[in-house]
Each structure stands twice: as structure tokens, then as C-alpha cells.
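Straight from TrEMBL, the features:
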type: DOMAIN; residues: 3-140; note: domain 'Nucleoside diphosphate kinase-like'
type: BINDING; residues: 11, 59, 87, 93, 104, 114; note: ATP binding site
type: ACT_SITE; residues: 117; note: active site, pros-phosphohistidine intermediate
Ligand code: UDP
């Protein structure tokens, strides 16, 4: 397995409850390295573009409002098999279905306010990383 990078967001429900450090500790304990990180206020256009694949879904407008409701921490995580590994560490979208020990089981408030985003494929990871980070901001 090769070293890989994935894109991650600590969502507004996580920053509001001061969970940045606790969530990063889970990543680090499980072998993912935070190689880029910044705290931003996502604009409506950025959120709409980022979640564009969901624009016909009933939850889209609420999701955009949620993602722009407070600061987020955008990150690049690096490690062996990082995309799939992060999806495992995050747990299911709905915290009610998330496995014990996953970030969403530990911290998520609801199916919407579920604390973290993680890329679902290496192809999307590359697109999402390039959307938020310049190459020089990523230090592996
Ligand atoms: N979401 C929601 N309601 C739903 C499904 C998803 O509010 O019924 C939100 C939730 O914040 C989720 C995001 O939309 O993380 C993107 O959904 P996706 O199905 O891509 O889930 P993920 O890849 O984040 O697990």
C-alpha cells in the first residue's frame, strides 16, 4: 500500500465545541498525519461548489447553511491508504449507524452535523485538496 493523501473538514459543529484537538488526536493515533491545515469561514459559493454533487438532494440547502454557519478546519491527511482509512475512522454518515470508536460515533450531533468530512475516493481527494490548498501549503 502506498502513502496517500485525503482531504478532511472539521465541520462547524466540531469547531463550535472545541473538538479540533480531540479529533486530530484520533487521526494521529490511527496513523494519519496532518500535513496541511487551516481554519476558514467557508463562503456560500465554496460550500455549494464543494457539495455540488448533492445539489438535487433535499438536504442540500440546509447542508450549505450548516457548512457556512461557523468556522471549519480544512485539512490534508497523509498515510497508508489514507482515503479508505479515514472513511473507516470517520464512521457512517448517520451517527446512529456509526461503529464504536469512530469520530462520528464519538462526536457527531446528527446526520447533518456529523463533525467531519472525508474524501470518498483518491480522485475526489485530489480535486478537493486542490480546491482548498496550494501545493506549497502542504508539508508532508
Ligand atoms: N447529509 C445530510 N442529510 C442526509 C445525508 C447527508 O445532511 O440525509 C449531509 C452530511 O453532513 C453528510 C454530507 O451531507 O456528511 C454529505 O453526504 P454524503 O452522503 O456524501 O456523506 P459522507 O460522505 O459525508 O459520509
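Cβ atoms here come from the backbone N, Cα and C positions, even for glycine.
Remember, TrEMBL labels are computer predictions, not curated facts.
Worth saying up front: this structure is predicted, and the values here are computed from it rather than measured.
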Site diameter for ATP, Å, by largest Cα distance between 11, 59, 87, 93, 104, 114:
21
What is the average pLDDT across the domain 'Nucleoside diphosphate kinase-like' (3-140)?
98
For ligand 1, pick out the binding-site residues 11, 59, 93 that have a CB under 6 angstroms away from one of its atoms.
59, 93
Please report the number of other Cβ atoms within 10 Å of the Cβ of residue 59 (ATP binding site).
12
Rounded to a whole angstrom, what is the C-alpha distance between residue 11 (ATP binding site) and the residue listed as 'active site, pros-phosphohistidine intermediate'?
7
Count of other CB atoms lying within 10 Å of the CB belonging to residue 11 (ATP binding site):
27
